[in-house]
Structure formats: C-alpha cells, structure tokens
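Since the structure comes first, as structure tokens, the remarks are kept for the end.
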Amino acid sequence: MKTLLLTLVVVTIVCLDLGNSFSCYKTPHVKSEPCAPGQNLCYTKTWCDAFCFSRGRVIELGCAATCPPAEPKKDISCCSTDNCNPHPAHQSR
C-alpha cells in the first residue's frame, strides 16, 4: 500500500511539473518562453500595415488558452505542441 501511495505521489509531481513547462515562441524577441498556466496553445498572427511593402508583414507570436479570434485582414494559426510557432523567417527551408 505504501508503495502504491508513493508511486501516485511521484506521478502527480511529475505531471504537475510537466504541466508548467509548455513553451511557445513570443515576440518581440522571438525566443522560446514558458507560457502561463492554462495557456496550452501557441499562435502566429500576421498582417500587413502601412509599411508592408517596404519591411514585410507584421508577425506576432505568443501563447493562448484558446486560439485568438479571426480578425479582418489578419492570418491567425494555432498549434498545441512546444515551440510549434517559429518565426516564418527563421524556419528551415
């Protein structure tokens, strides 16, 4: 019985620790950072602003509890694994 209880305690601690380790790439620094508890999605949001033709699309990366809602003229994608939202310019081709 004590072995079973000890096993359950160890499994609980491991699971709680893993729950806090979800990470996504975040802007403006485009580096992997831990997400807040409950935020288990990474998102990438891109759009054109007044300077789109000279510098390219604006890119926002971050964590979310739910995928951000659609917005006019903005592309939004979400994924649910660690660091699954790399900056498009940093992806291997």
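Placed from the backbone N, Cα and C atoms, the Cβ positions cover glycine too.
Checking the candidates CYS67, CYS84 against Swiss-Prot, the cysteine paired with CYS78 through a disulfide bond is CYS67. Out of CYS63, CYS84, the record in Swiss-Prot bonds CYS79 through a disulfide to CYS84.
On the backbone, the CA of CYS52 (disulfide bond) and the CA of CYS78 (disulfide bond) stand 23 Å apart.
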